[in-house]
Amino acid sequence: MFYGVDLTSRLMLGTAQYPSPAVLLEAIEASGAEIITVSLRREGVAGAAFRNILSESRCRLLPNTAGCHTAREAVTTARMAREVFGTSWIKLEVIGHADTLQPDPFALVEAARVLCAEGFEVFPYTTEDLIVGEKLLEAGCRVLMPWGAPIGSGQGLRNPEGLRTMRAHFSGIPLVVDAGIGAPSQAAQAMEMGLDAILLNTAVAKAVDPAAMARAFGRAIQAGREAFEAGLMPRRDMACASTPVFGLAELA
Amino acid sequence: MIYSVLGEGVAALCCATALSDRGLDVEVIVPEGSREAASRFAGGMLAPFCEGESAPDLIVAQGQAAVDWWAAHVPGVTKRGTLVVAPPRDGAELDRFARATQEHDWVVPGDLEPDLEGRFARGLFFPTEAHLDPRKALASLRDSLLAKGVTFRSGTPRGHVVDCRGLASRDSLADLRGVRGEMLIVHASDVTLTRPVRLLHPRFPCYVVPRDGDRYMIGATMVESARPGPVTARAAMELLSAAYTLHPGFAEAEILELGAGLRPSFPDNIPAVRHVAGRSYVNGMYRHGFLMAPVCAEQLAAELAEVYAHAD
C-alpha cells in the first residue's frame, strides 16, 4: 500500500504530547497502528532514549520533519532522520504559516524533488489542491497526505468535497488524511469516502484516557473502511420504503 | 548502620531528611563534578490536582502529602492555591482541564488576582495547592541536616547507598531518560501575582510562579531530549510570549536567569523507589520532584527502617 509495504491497520499514530512513553505504548497497542511518526527537529540526536522506547512498539517508524519552515531545513532534517532511524521513509512537512500550520506547497514540492532524487520514500503533508498533488507525484512521491483541517484543531474534514475530488482524481495513489481529525466519527467519514488511511496524534494523546481513545479510533477506521468496501447506499432526496407498498396481502 | 545518600537535589535531601527524622545515621555524598541538580530549575509548585491533567491518579493521590511535609520541614510554603486560565479563544482548553482534574472551583480570575482583572473571564481555582521557592527550600533542608550533625562531603560512601543522583544514575538504571526543561526567572515590578498561575494553550502553555522580591519563575518546556546546553531562543520566545499573554507587564520585566535542566524520568514518568543489588535508588522525579520526593523519601525510609530492624 505504501511504497510496497502492505499493512493491516489503516491508522498511523503520532507520538507527541502523551502523558508518558508508557501511556504512548499502551495507546499504540490499543489502536492496532503499525506505523508511528516521530519527530527529530527539536529533540535532536539527544532524544535517543525516547526513540528507543518507541522501538519497543515494533511499529514501522515514519520520521517526520515537523517544525521545519523551509525546504532546506526539511531536507537536512530528512537526511538526519535517515541516519538516525535507518529508514528512507520520511513524512515531509514544511510549515508555511505560523497560526494555521498550513503546509507551504512551493517549498514542499521543492523539498520533495530533492529527497525523491536522493532515494527517499516521501509522504508529503499537503493540502487538497490537485495541482500541488500532481507536482508531488511528478517529483516522485507515491503517497499523498492531504490535511483534514489545521494540525491539532480537531475540526475534522473541513473540505470533504475537495477530498472527494482528490480521491477521484488520484484513484491509484494512496491518500492519507493527516491532521485535524478530532473524533472517531470524522475518521470513519474519511474512510467511508475511500481515503486509504488516517494519521492522527492530538486527539489520542490529549484524550483523558489515551489508550481507550486510540482503540475507539482503530475501530472507527476499520468500520469506515469496511463500509466503503461494502458499498454505501446512495443518498436520496425522497423516502424510499424498504417494504413494497403495492401487492399487500388482503387479509379481510 | 549508616546511610549514604548520593546527590544534592530534592530527592537526595528529602531522603536524607526522612532517614534522619527516623533517628538513623545519615551522610550525604555529593559526587564530584556532578551536574547542577535539575531541582534548581523546578517551579516549586505543590500542585497534585493540576498535575492530574496528565499525570496518573497515583501522583494525585500520593502528592497530596507534599504540602504538609514541606510545611513541617522548611519555612516559606505558601498555601494560596493554583489559578488556571486560558486566552479567550482557547476556552475549550480550560473545559478540558476541568474535565481531567478534580478539587477545583470555577472563578473569576480577577477576584483572586486583581492584576488579572478584565483579562480573563473565567478560570479554575485549586484552593488546596501550594508553592515554595525550590532553592530556598533545598538550602533550608541542608541547613537542618547540618544542624543535626549530618555530614556533606565527596568521596567514598561509608554505608548503605541511597542513590539519588538523578540522570547521572543512568549508568545503573537503564530505563532512565532525560526530559529537557527550560525556564526563566524575571524581575517584574509591574506585575503582582500571589499564587502560581497556569496559562493553558494548545501549543505554548506556561506557568508563572511568584518568588520573593517581585521575581517570577516562568516555565517550562518539555522536550524529549537529553541535550544539556543552554536555553534555546525558541524556548525563550515561547515562554516569554506566553507570559506576556498572561500579563502585558511581563514585557517590561528584567530577565535575571535563563536555565535548562534535564528531568530524570522513567518510561511511565512516575517517580520510584527501587532496591537493586544492595543499593537503593530514588529517582525518576520527572516534573514531580518537589511534589513526590517527600513521598518517595518517606517510603524509602520506612522500607529501610523495616529491613534493618529485622536485621538487628
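Positions of Cβ are set from backbone N, Cα and C atoms, glycine also.
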Identity of the 1-deoxy-D-xylulose 5-phosphate-site residue among A:G133, A:G140, A:G152, A:G231 (reference: A:A179, A:G180, A:N201, A:T202, source: TrEMBL): A:G152
Averaged pLDDT score, the domain 'Thiazole synthase ThiG' (A:3-244): 92
Chain B, Cβ under 8 Å: which of the recorded positions A:K91, A:G152, A:A179, A:G180, A:N201 qualify: A:G152
Whole-number Å value for how far A:K91 (active site, schiff-base intermediate with DXP) lies from A:A179 (1-deoxy-D-xylulose 5-phosphate binding site) (Cα to Cα): 12
Distant-in-sequence Cβ neighbours of A:G180 (1-deoxy-D-xylulose 5-phosphate binding site), under 8 Å, six or more positions away: A:W147, A:G148, A:A149, A:P150, A:I151, A:G152, A:S153, A:G154, A:Q155, A:G156, A:L157, A:R158
Sorted by sequence, non-A:G152, A:A179, A:G180, A:N201, A:T202 residues with Cβ within 8 Å of centre, 1-deoxy-D-xylulose 5-phosphate: A:G14, A:A149, A:P150, A:I151, A:S153, A:G154, A:I181, A:G182, A:L200, A:A203
Cα-Cα distance, maximum over A:G152, A:A179, A:G180, A:N201, A:T202, record's 1-deoxy-D-xylulose 5-phosphate binders, Å: 9
Three-state secondary structure, A:N201 (1-deoxy-D-xylulose 5-phosphate binding site) (per DSSP): coil
